[in-house]
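Encoded as structure tokens, the structure appears first; notes follow it.
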Amino acid sequence: MIILTLNCGSSSVKYQVYNWTERAVIAVGVVERVTQAGSVITHEVHGRENHVRESPCPTHTEAVQLIISTLTDAHVGVISDMSLIKAVGHRVLHAADRFVKSVVVTPDVLETFRSVQDLGPLHNPANIRGIEAAQAVIPSVPHCAIMDTAWHQTMPEASFMYAVPRQWYEEYAVRRYGFHGTSFLYTAKRASVILKKRAEDTNIIIAHIGNGASMCCVKNGVSFDTSMGITPLEGLIMGTRCGDCDPALAFYIMRKTGMSVSDIDTTLNKQSGLLGITGKYVDRRDVCAAMKNGDALARLAFDMEVHRIRKYFGAYVAALGKQPDALVFTAGVGEMCCDVRAAACAGLEHLGIRLDARKNELARTRNAETEISTDDSPVRILVIPTDEELVMTEDTYALMQGTYDVHTRFTYSFQDPTYVNKARAAGLKRDLEKNPALATIVVPRLDT
């Protein structure tokens, strides 16, 4: 059974094709510059050279058509006919508090997404266009929506409410929603397996650090608090987003410069964060390289980012009311940047967080779950490569089968202690050939 997952942005459509019967990813790719000149698809199949082709995509419909034609192409495709695709899963950023779990897309569901798109103006319109485009191109199969906000619907009111007039919540749905929920769900469930705990007994703090970044306090296996707010702008310092700042800053700059609300929105979302501090860098690799070459602003950006992460670590230890079982790093930077991890954990020994420098240096792989804490650290420090697409695929499959439920009453395949990601296992084998010492930090240990 073939399941297609789509992640539609304003100018891109990312996709993955999963063979559920074989439990294997058979293709991934992205169409970039959608709605712009020079639209191009990059199609990746393990064991083959990447296929790159330009093709006009004035709308998301043409982008989905391009994906389907590529998947079924006699030379570069992976399926013989579109009819082999039995369902499509769609990532949806913002569903407010309307859904606590993934759903099959119906006209009423789409209307709900439209009704809350003001809460996610940078993402939701594109998500909706992507769903409509895919339904037009592949009309005969179920389409399912997997929402970033659903995971966080377990937060208590004291965590999600803002100290603003209650009327704003009641009339305009102003509250903390949180994002990266699919990633947090996956890493929380995998952490429980690694820790050999039941999900409902697991208390951890997760740092999802990519270009977008947020943290989640997981108490008794569910989201208890998170750093992003009504939009993804709040919280950690990100590639182009400012994260936490005094709201009056916007009013001050508007009075001083005459900037509009739209100008401020664009600046705080797309011209701030690491880019705003350094004036030129968004990628952490560039920041770290420049910092090591003496760039003072790159050093400042790095120090500000990790200071913010440490503050949230401390806050969430307090919110848990107990020592966490583990700190978990995930997403591109969290999985690969040992400098950020080391600095984020520095000075937290009094909280029971003890990083092993050698292990941390070794942990640069997306093909294995690793442990980078010292052997005597009261709090374990884990690096768990996220797999949002697998959650999307599994939710979609379970919805088709009628077996799906909210995550506290549903068991995922990756919660099985014997679960193996075939592609990552093959990648780990190659990694170990290059660096045998990696076996000493993989969990469970491979050198014993």
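Cβ atoms here come from the backbone N, Cα and C positions, even for glycine.
Model, not experiment: these values are computed from the prediction.
Noted in Swiss-Prot for the protein shown:
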type: ACT_SITE; residues: ASP148; note: active site, proton donor/acceptor
type: BINDING; residues: ASN7, GLU388; note: Mg(2+) binding site
type: BINDING; residues: LYS14, HIS208, ILE209, GLY210, ASN211, GLY212, ASP283, ARG284, ARG285; note: ATP binding site
type: BINDING; residues: ARG91; note: substrate binding site
type: SITE; residues: HIS180; note: site 'Transition state stabilizer'
type: SITE; residues: ARG241; note: site 'Transition state stabilizer'
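Per Cα geometry, ARG241 is the residue among the recorded positions ARG91, HIS180, ARG241, GLU388 nearest to ASN211 (ATP binding site). Each residue contributes its Cα atom, and for GLU388 (Mg(2+) binding site) and ARG91 (substrate binding site) those atoms are 9 Å apart. Of the listed binding-site residues ASN7, ASN211, the Cβ environment within 10 Å is emptiest of other Cβ atoms at ASN211. Neighbours of ARG241 (site 'Transition state stabilizer'), defined as other CB atoms within 10 A of its CB across all chains, total 25. Under 8 Å, Cβ to Cβ, and six or more positions away along its own chain, HIS180 (site 'Transition state stabilizer') finds ASP148, HIS208, GLY212, SER214, CYS216, MET228, ALA331. A gap of 27 Å separates the Cα atoms of ARG285 (ATP binding site) and the residue listed as 'substrate binding site'. The binding-site residues under consideration are LYS14, ARG91, ARG285. Their Cβ neighbour counts within 10 Å are lowest for ARG285. In the shown protein chains, 24 other C-beta atoms lie within 10 A of the C-beta of GLU388 (Mg(2+) binding site). Neighbour counts of Cβ atoms within 10 Å were taken for the recorded positions ASP148, ASP283; the minimum is at ASP283. When the C-alpha distances from the residue listed as 'substrate binding site' to the binding-site residues ASN7, LYS14, ASP283 are tabulated, the minimum falls on ASN7.
Looking only at the recorded positions LYS14, ILE209, ARG241, ASP283, the one with its C-alpha closest to ASN7 (Mg(2+) binding site) is LYS14.
Taking the C-alpha positions, the distance from ILE209 (ATP binding site) to ARG241 (site 'Transition state stabilizer') comes to 13 Å. DSSP assigns ASN211 (ATP binding site) to coil in the three-state reduction, placing it in neither a helix nor a strand. Separation of the C-alpha atoms of ASP283 (ATP binding site) and ARG241 (site 'Transition state stabilizer'): 13 Å, rounded to the nearest whole number.
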